[in-house]
């Protein structure tokens, strides 16, 4: 029952950028048939370094740009998640620029170049700086990109978008070439400095493959099909650049709408066949799994059985469904074919073997249909499997026949309650029941006794668990759930009663569960000699209690008779006086 990793796990390949990653499957247990839903969480390790889309990034910045101006550098990509993902940026020391880290609504971090000091093209026409991206691993991983900054001549006004952020929804079945939206920006300058061209900023490659923007009019178009089950939203960074090199940015959030484009998939996990005809209602005979990759209402499935059969579907965990059989269903139906026609091809079925004096077979066969029925209730504890030979015979003269062997496996049901072997119950003759002596100096965990029980059933129906049902000092003793061992839960104190009576419950894991109880008498004493007076006192007290009960009953009867007699005399006296 142990699970092993069968091949190297790659969290990034399995789950991409999802914050959590897990693998779910059904674990099937036979004899008895059951299913467990298993979910394995895949934890991330820092095995990927941040990567810039390009090794070199170019900027054209006008010399009159005021300090405080910001320039989007874009974002490095890190396939890891959480703490191991991209955490920040560092810029090579210089006089003009600093780097600041910004965070988008989706949690991704991108760098902005901030001008700290006015540029002077006449003194320095270009700059070359090194930008480093760092993740949060231990030790951290990093990568670098070269920033080439070209200082240009004056361009007074940068482009301005109509909105800083656009939101749009798009169905996942939208065809390639569909228009997503149109963004627009204006520039107060004139001439070449007012000519705006549109493009995408630094974005992941998979996003750039899905969308394209028209450089002249700012129309964003879909160029690859979307898949809601793969990615539910996209964040686009659109930039507008004028002829003088000034750039403005806006964000476009594209929400992908789910479409019912996936049919449910049915997987047969297990089938138990044949099924005993005395199987109770509710017995699971098959397990199927239904999965739909869509989400919401599109991913909700409704299952039903087609045709007429004494079966029903019951929803289980993880998209699984159990098939149940009704009582009195046939055990099996055999089928033989005969190529002849008429009476020569008419097949009848008979049980082979058997003679006078032998026990009747546990099944019978219907001569025309070949259906096998149980003749009596099966008992798993007496017979777990048996085989019968079926003879198929035609109606020709002379008749021809052939035989086939049917092997029937009996499934266990929880029809036996646990039986306690120790401690034994007290005899009806008044003998002293068995007892255990526990020294008052016993430490925590001292083994007092062991409740021993057996169950004639098999499998899960024979798994036993123990629990303490009754104890005068609840905190003094504990009972092992699976071992049945009675141990002290704390140190014995002087306040604890010398005689303790414990009642243990033993139950199996059948459906429904069956149980039995066991009574254990414990005497707190340092030795057996010290415990004997306690037992004698208990017997004396028991005898005295019995005698007192008799005396009380007799006294109550006498008082009742005297009371009735007094009432009668009083009534007679009053009646006589009145006359």
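Here the Cβ of each residue, glycine as well, is placed from N, Cα and C on the backbone.
All TrEMBL annotations are machine predictions without curation.
Over in TrEMBL, the protein carries these features:
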{"type": "DOMAIN", "residues": "1-52", "note": "domain 'Cadherin'"}
{"type": "DOMAIN", "residues": "53-161", "note": "domain 'Cadherin'"}
{"type": "DOMAIN", "residues": "162-266", "note": "domain 'Cadherin'"}
{"type": "DOMAIN", "residues": "324-420", "note": "domain 'Cadherin'"}
{"type": "DOMAIN", "residues": "438-535", "note": "domain 'Cadherin'"}
{"type": "TRANSMEM", "residues": "550-573", "note": "transmembrane segment"}
Do at least three C-beta pairs under 8 angstroms join the domain 'Cadherin' (438-535) to the domain 'Cadherin' (53-161), pairs 6 or more apart in sequence?
no
Can you count helix, strand and coil residues in the domain 'Cadherin' (1-52) using DSSP?
5 helix, 17 strand, 30 coil
As a quick check of your reading of DSSP, tell me how many residues in the domain 'Cadherin' (324-420) are helical, how many are strand and how many are coil.
4 helix, 37 strand, 56 coil
Looking only at the domain 'Cadherin' (53-161), what are its DSSP counts of helix, strand and coil residues?
3 helix, 56 strand, 50 coil
Residue distribution over DSSP helix, strand and coil in the domain 'Cadherin' (438-535):
12 helix, 42 strand, 44 coil
